[in-house]
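Have a look at the structure below before the remarks.
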Amino acid sequence: MRTAYRVEDVRAAERALMARVPEGALMQRAAAGLAAACGQLLGKVYGARVALLVGSGDNGGDALYAGARLARRGAGVTAVLLSPERVHGGGVAALRGAGGRVVDGSGDLPGAGGAVLRADLVVDGIVGIGGKGGLRPGAAELARAAEESGALVVAVDLPSGVDADTGEVRGAAVRADATVTFGAYKPGLLVDPAREYAGALRLVDIGLGGELSAYAPAVEAPQYADVARLLPVPGGESDKYRRGVLGVVAGSARYPGAAVLAVAGALRGGAGAVRYVGPAADAVIARFPEALVSAGPVPKAGRVQAWVVGPGLGDGHGDAGERLRDVVAADVPVLIDADGLRLADASAVRKRGAPTLLTPHAGEAAALLGVERAEVEASRLDAVRELAGRYAATVLLKGSTTLVAGADGGVVRVNPTGTAWLATAGSGDVLSGLAGALLAAGLGARDAGAVGAFLHGLAGRLAAEGAPVGAQDVAEALPAAWRDVRRG
Ligand SMILES: NC(=O)C1=CN([C@@H]2O[C@H](COP(=O)(O)OP(=O)(O)OC[C@H]3O[C@@H](n4cnc5c(N)ncnc54)[C@H](OP(=O)(O)O)[C@@H]3O)[C@@H](O)[C@H]2O)[C@@H](O)CC1
Ligand SMILES: Nc1ncnc2c1ncn2[C@@H]1O[C@H](COP(=O)(O)OP(=O)(O)O)[C@@H](O)[C@H]1O
Ligand SMILES: [K+]
């Protein structure tokens, strides 16, 4: 797992570690890692022009000491001080001692702007984990100049202006090509919109690991090995029932395709068998003769280990409402998606005994929360946690970063494989069938959501390879995604 920790926990761990190491040692470790990363990005340090944007805190200190290291290797380094009266004194002395220049970013604007515009590399040391809100006007202007300069921009610890704990970006912020972060990832580095600002991530070990083990991560991103461990690979004793039978209630006369896509996700995603219940049975059987289909009612469909309900249900007229109620009342794990989210009775969902997985996109999440869609997209972590609490369910929030939160308020999983090529009609239906198949195989709701999102993202990448894909292509690529994960 790639883990990210809350700022208050990182700070507490740093305090504990600082009590055991010589003063300034952590900043030197951070600066050494930062300078090494800058050197690699530059390729050739000697003769390179480097501008440091230096704020009033320790983030600026890191930038100054790293700048001193680069200056000693022959780079022309200019530090732009945003608040010269409150700058890290030791850092400025080190930079000057190494031959670096210092300009007053609050007074000498032409000098500061010129240094940034001429730079090959801009180091953003404006603010780190001590930042509050978007950048202030002076800092915002320099961040804009950095963007316009065409220079490589490296953020120190995190891009200045983004919220480290929530991933929110409420004002101006630095857009970095790379972020060199210290001790531990911060949640905002893994979650959009802040993640977009961070560019490529590099973690510098400053020896914090031992101290951090006292805290639980706030966010974790599963990696290949984590997913491989959870894949329900059939064993010698497996049969189709033990692999998991998934019931699917989806589609309508108006939207038969949603049923086909959900069944496709389930069959290609590893279900032992799929029982489809609803009015799109003919369309399903025409595409998947291996599906078991019936018109309903749900209690007569035969035994299943999990249900998926919702894709393409439409407005809930006719038998659809009854099928939805029956599924919500079932005592096996249930995944509720799309129209099912709108139509399901919230108190019936909350009262369920068996695991429940809700899979809204931002618009559906916004409707459930009674807020604007843009608000959900601006604060995904808050939104997914809030929904999970309200519905006493596991919630998978789809979109540019897919998040999975449990009702227990614990660590939120973030999916690292997503691709914007997945933003195509029906690809969410495929995900619902896939994650449903994983529930039927016996994975818990959090694991089913996280593994489903991981495979879905990977399948999207494999199917797309840089060109448009349809939802069926994503489903067809699921076995290749499985193979990719199993190979590591
Ligand atoms: N602790 C450790 O062991 C280690 C810590 N390390 C490093 O220290 C960093 C944390 O340093 P920190 O605590 O000094 O805070 P920091 O992020 O520099 O910002 C504080 C200053 O920013 C200002 N400011 C705030 N908001 C702003 C805004 N929106 N726009 C503009 N300015 C804004 C605010 O000013 P004020 O509000 O007081 O006017 C305040 O002076 C951490 O990220 C890592 O890089 C490493 O060396 C490894 C060891
Ligand atoms: N910008 C994006 N980056 C990555 N994944 C995305 C993006 N936009 C959408 N997706 C993914 O595409 C899928 C779309 O699902 P959904 O919105 O339910 O579509 P539909 O209802 O048409 O099936 C989800 O898995 C979602 O996470
Ligand atoms: K920064």
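Cβ coordinates come from backbone N, Cα and C, glycine included.
Taken verbatim from TrEMBL:
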BINDING   58-62, 128-134, D157, A258, G312, H361, D429  (6S)-NADPHX binding site
BINDING   N59, D124, S160  K(+) binding site
BINDING   K398, G399, S400, T401, T402, G428  AMP binding site
DOMAIN    10-214  domain 'YjeF N-terminal'
DOMAIN    223-485  domain 'YjeF C-terminal'
Taking ligand 3 as the reference and 6 angstroms as the Cβ limit (strictly under), which binding-site residues among D58, N59, S160, H361 are close?
N59, S160
Say we define neighbours as other CB atoms within 10 Å of the CB. Which of the binding-site residues K132, H361, K398 has the fewest?
K132
Whole-number Å only: compute the distance from the Cα of I129 ((6S)-NADPHX binding site) to the Cα of K398 (AMP binding site).
27
Report the residues of the chain - excluding K398, G399, S400, T401, T402, G428 - with C-beta within 8 Å of the mean position of the site's C-beta atoms, for the recorded AMP site, in sequence order.
H361, A362, L397, L403, N415, G418, L422, A453
Please report how many Å separate the Cα atom of T401 (AMP binding site) from that of S160 (K(+) binding site), as a whole number.
20
Run through the Cβ atoms and count how many others sit within 10 Å of the one on S160 (K(+) binding site).
28
Work through the binding-site residues one by one (K132, S160, H361) and name whichever has its CA nearest to the CA of S400 (AMP binding site).
H361
Is it possible to get the count of other C-beta atoms within 10 angstroms of the C-beta of T402 (AMP binding site)?
28
Report the binding-site residues (N59, K132, D157, S400) that meet this criterion: Cβ distance to the nearest atom of ligand 1 under 6 Å. Use sequence order and write none if nothing qualifies.
N59, K132, D157
Three-class DSSP secondary structure - S160 (K(+) binding site):
coil
Could you state the whole-number distance in Å separating the C-alpha atoms of G428 (AMP binding site) and D124 (K(+) binding site)?
38
Given the binding-site residues D157, K398, G399, which lie within 10 A of N59 (K(+) binding site) by CA-CA distance?
D157
Same-chain residues six or more away whose CB lies under 8 A from the CB of D157 ((6S)-NADPHX binding site)?
A30, N59, D62, G128, I129, T179, V180, T181, F182, K186
